[in-house]
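Q: Got a structure for you, questions after.
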Amino acid sequence: MAEQLIPIQWKDDALVLLDQTVLPNEVVYESFKTAEGVWDAIQVMKVRGAPAIGVSAAYGVYLGVKEVAESSAEEFIAEVKKVCAYLATSRPTAVNLFWALERMESVAKENAHLSIAQLKDRLLEEAKEIHREDEEINRQIGEHALTLFHDGMGVLTHCNAGALATTKYGTATAPMYLAKEKGWDLKIYSDETRPRLQGSTLTALELQRAGIDVTVITDNMAAMVMSQGKIDAVIVGCDRVAANGDVANKIGTLGVSILAKYYNIPFYVAAPTPTIDLKTPTGKEIPIEERDASEVINRFGQYSAPKESKVYNPAFDVTPYENVTAIITEKGIVRAPFMENLKKLFQ
């Protein structure tokens, strides 16, 4: 079996990230020792996927304050807040980023009685705990999702909600890995996911390396394979779930959900509870990141449209809750009415 790709590691007091911008052609690991480096890695998508962004940001908080000189607890906590506010500007849509930063800030405040050295140690411990928790969350999501699958199923996924977007297993791909462990033969179809192609460069790569049957299709082929009866279920990840069950995920997810509804195919969303944002009432309030035009018209160093073309490049879209069959969390499977049942997860 091919060497395991590990998206996030903590080694020698540094955050080590797998550079996902050069996959699948190169496997490059890069070390980061500053908050500025982590911010850049998140922004240019060397690390991506809501859970992985959250974990990386948590380590980024520690890296941002570990060299702070001895000071009062009040001054140190102010510095933690400053670093958190800075890292929060890296990408606006993934709620895990803000969840992790709020958690790190809370830990600093709750331990204000400690020495500065002890506070720094406590922040690193918390970042490592967030890292460990993510792996267990993913496995639990996979176990719940697997109850909706059966041997021989055809499953469509979009973008990369895989092990490369988390710390292990992934969210949408977790049942695929667990099915492999059970000896099941799922047939996975992975949308390439324009414009950054995470479905082909990342999902296909990691599943293929794991020995899972995966077929790459272009985004505009999804309707065709559904119409041919090749798809029994769709499962995607998400960057944020609003209180009413609306789901923000990689651009193109909305279209896939509409097709699934038309062909009466279950549309599942794999969502760790930190991705569920009860403070955001509906998808209309979710900020949608817009990215550079070059991703659309100059993806591989050559222009595929006139240089002067107007380009609209939202990184995410919002799937309405009406199109969602179920939201799969580490705590269980949530079905409509989502407004009511999502709240129960936190009671």
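The backbone N, Cα and C atoms fix where each Cβ goes, and this holds for glycine too.
Just so it is clear, the model here is predicted, and its values are computed rather than measured.
What Swiss-Prot records for Asp239 is active site, proton donor, and it gives sequence analysis as the kind of evidence. Annotation comment: Swiss-Prot describes Arg48, Gly49, Ala50, Arg91, Gln198, Asn249, Lys250 as substrate binding site. Annotated site 'Transition state stabilizer' per Swiss-Prot: Cys159, in sequence order.
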Q: Tell me the Cα distance separating Asp239 (active site, proton donor) from Gln198 (substrate binding site), rounded to the nearest angstrom.
A: 15
Q: For the substrate site (Arg48, Gly49, Ala50, Arg91, Gln198, Asn249, Lys250), what does the 8 A shell look like? I mean other same-chain residues with CB within 8 A of the CB centroid.
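A: The answer, listed by sequence position, is Ile53, Ala94, Cys159, Asn160, Ala161, Ala165, Gly237, Asp239, Ala315, Phe316.
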Q: In whole Å, note down how far the CA of Asp239 (active site, proton donor) lies from the CA of Ala50 (substrate binding site).
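A: About 5 Å separates the two Cα atoms.
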Q: Taking DSSP as the reference, which of helix, strand or coil describes Lys250 (substrate binding site)?
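A: DSSP assigns Lys250 (substrate binding site) to strand.
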Q: Near Cys159 (site 'Transition state stabilizer') in space, meaning Cα within 10 angstroms, which of the recorded positions do we find among Arg48, Arg91, Asp239, Asn249, Lys250?
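A: Among Arg48, Arg91, Asp239, Asn249, Lys250, the ones whose Cα sits within 10 Å of that of Cys159 (site 'Transition state stabilizer') are Asn249, Lys250.
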Q: Using the alpha carbons only, what distance in Å do you get between Arg91 (substrate binding site) and Asp239 (active site, proton donor) once rounded?
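A: Spelling it out, the Cα of Arg91 (substrate binding site) and the Cα of Asp239 (active site, proton donor) are 11 Å apart.
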Q: Can you tell me the CA-to-CA distance separating Lys250 (substrate binding site) and Asp239 (active site, proton donor), as a whole number of Å?
A: 8
Q: Measuring Cα to Cα, how far is Arg48 (substrate binding site) from Asp239 (active site, proton donor) in Å?
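A: That comes out at 10 Å between the alpha carbons.
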Q: For the residue listed as 'active site, proton donor', what residues in its own chain, 6 or more apart in sequence, show a Cβ-Cβ distance under 8 Å?
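A: Ala50, Thr93, Ala94, Val95, Asn96, Ala248, Asn249, Lys250, Thr275, Phe316 - these are the non-local Cβ neighbours of the residue listed as 'active site, proton donor', listed in sequence order.
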Q: Based on DSSP, name the secondary structure state of Arg48 (substrate binding site): helix, strand or coil.
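A: Reduced to three states, the DSSP call for Arg48 (substrate binding site) is coil.
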